[in-house]
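*Asks:* Would you mind keeping the following structure in view while I ask a few things?
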Amino acid sequence: MAGSYKVCVVGGAGGIGQPLSMLMAMDPNVSELCVYDLTLAMVPAEGVAADLSHLNMKCKVKGYAFDKDDKAIEKAGECLTGCHLVLVPAGVPRKPGQDRKDLLNINAGIAKNIVEACAKYCPEAVVGLIVNPVNSVVPAMCEMWKKKGLNPAKIVGITTLDVVRADKFVHEMTGSPMSDIQVPVIGGHAGATILPLFSQCQVGKTLPADKIPDMDKKVQDAGTVVVAAKNGKGSATLSMAYAGARLGKAVLAGLNGEVVQECAYVASTVTDLPYFASKVTFGKQGVETVHPLGDLNEYEQGRLNALMPVLKEEIQAGLDYAKENDFAA
């Protein structure tokens, strides 16, 4: 039996947000979709909602536009109240010459505006974050969420695109059916912190050992390839929307009582780091089980050892942000 869930896409009129909103409106578990964006968006949120409201699906769609200086905690009550899932493909892309700390301060501020409003209006919702740098923003938001006494299993960093890419590249190299390919991707969601475990996939483990480092790098660098191909006019928006919707679909299926596994970046105890991406099972409470990493081969173990200090530093930047900031009451 399909559920009747309310979903909000924050940044829903943007490059990721529009196709993500469309895919969520097509999910049979979604009965209500809120398209949330700023009044300065190139396409008005109400326009995206009007467009999507004509799909022959059960989903009701409504747009909400806010001024850039509006505080969501003061203005977004109607939009967020009753939400079961809030997807946040918001934030600014990194500009040339900008360091991660500058980007973190800007985007963590954008994420905080939304997540603190979720803490007030829909504290039971699962909040899926696609806000870069994910490795730092997710810990920052989750720690502030916990300070409010809320359940950390509700905050999820969306790393699904790394899995989607790894699966596709294995398919291209082997010709095996996509349905047989499931490569877990662990670690984080940037550069060398992205670690595809080809050895844990029935098809992936048939790849020649000398091809693995290149395949590994190809997954890590895939986003840069899209940025280059778009020639300064954007980044991975359509594939990101597809991946975000796949994760969103898994969360809603979990809420609906189905057992669904995806990789995601969450509060975790499977390594020495407090946040880590690995396979998780979604259930009635959001993240129900965070699965251990499983057996790694020698190459993967070496990569894991190398990425840990990098990821640790990026997590620490998020923890530091959370120490200095609190959600508004």
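Cβ atoms here come from the backbone N, Cα and C positions, even for glycine.
Copying in the features that TrEMBL gives for the protein in this structure:
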type	residues	note
DOMAIN	6-157	domain 'Lactate/malate dehydrogenase N-terminal'
BINDING	GLY11, GLY12, ALA13, GLY14, GLY15, ILE16, GLY17, ASP37, ASN107, ILE130, VAL131, ASN132, MET240	NAD(+) binding site
BINDING	ARG94, ARG100, ASN132, ARG165	substrate binding site
DOMAIN	159-319	domain 'Lactate/malate dehydrogenase C-terminal'
ACT_SITE	HIS189	active site, proton acceptor
*Asks:* May I ask for the distance between GLY17 (NAD(+) binding site) and HIS189 (active site, proton acceptor), taken between their Cα atoms and rounded to an integer number of Å?
*Replies:* 19
*Asks:* When a 10 Å sphere is centred on the Cβ of MET240 (NAD(+) binding site), how many other Cβ atoms does it contain?
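*Replies:* Within a 10 Å radius of the Cβ of MET240 (NAD(+) binding site) lie 22 other Cβ atoms.
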*Asks:* In this predicted model, what is the average pLDDT of the domain 'Lactate/malate dehydrogenase N-terminal' (6-157)?
*Replies:* 96
*Asks:* Mind telling me which of the recorded positions ARG94, ARG100, ARG165, HIS189 has the densest Cβ neighbourhood, counting other Cβ atoms within 10 Å?
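*Replies:* Answer by Cβ density within 10 Å: HIS189.
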*Asks:* Quick one: give me the count of other CB atoms within 10 A of the CB of ASN132 (substrate binding site).
*Replies:* 21
*Asks:* Hey, what's the Cβ neighbour count for VAL131 (NAD(+) binding site) at 10 Å?
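*Replies:* So the Cβ neighbour count for VAL131 (NAD(+) binding site) comes to 28.
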*Asks:* Among the recorded positions GLY11, ALA13, GLY15, HIS189, MET240, whose Cα is within 10 A of the Cα of ASN132 (substrate binding site)?
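*Replies:* Cα within 10 Å of ASN132 (substrate binding site): HIS189.
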*Asks:* Could you measure the widest C-alpha to C-alpha distance across GLY11, GLY12, ALA13, GLY14, GLY15, ILE16, GLY17, ASP37, ASN107, ILE130, VAL131, ASN132, MET240, the residues recorded as binding NAD(+), and give it to a whole number of angstrom?
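*Replies:* Farthest Cα pair among residues binding NAD(+): 18 Å.
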*Asks:* Among the recorded positions listed here (GLY11, ASN107, VAL131, HIS189, MET240), which has the Cα closest to the Cα of ARG165 (substrate binding site)?
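*Replies:* Closest candidate to ARG165 (substrate binding site), judged by Cα separation, is MET240.
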*Asks:* How long is the line from the C-alpha of ASN107 (NAD(+) binding site) to the C-alpha of ARG94 (substrate binding site), rounded to the nearest angstrom?
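*Replies:* Roughly 10 Å, rounded to the nearest whole number.
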*Asks:* Considering Cα atoms only, can you say which of GLY15, HIS189, MET240 is the nearest neighbour of ARG100 (substrate binding site) among these recorded positions?
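*Replies:* Checked the recorded positions GLY15, HIS189, MET240; minimum Cα distance to ARG100 (substrate binding site) goes to HIS189.
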*Asks:* May I ask for the distance between HIS189 (active site, proton acceptor) and VAL131 (NAD(+) binding site), taken between their Cα atoms and rounded to an integer number of Å?
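*Replies:* Roughly 11 Å, rounded to the nearest whole number.
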*Asks:* When a 10 Å sphere is centred on the Cβ of ALA13 (NAD(+) binding site), how many other Cβ atoms does it contain?
*Replies:* 23
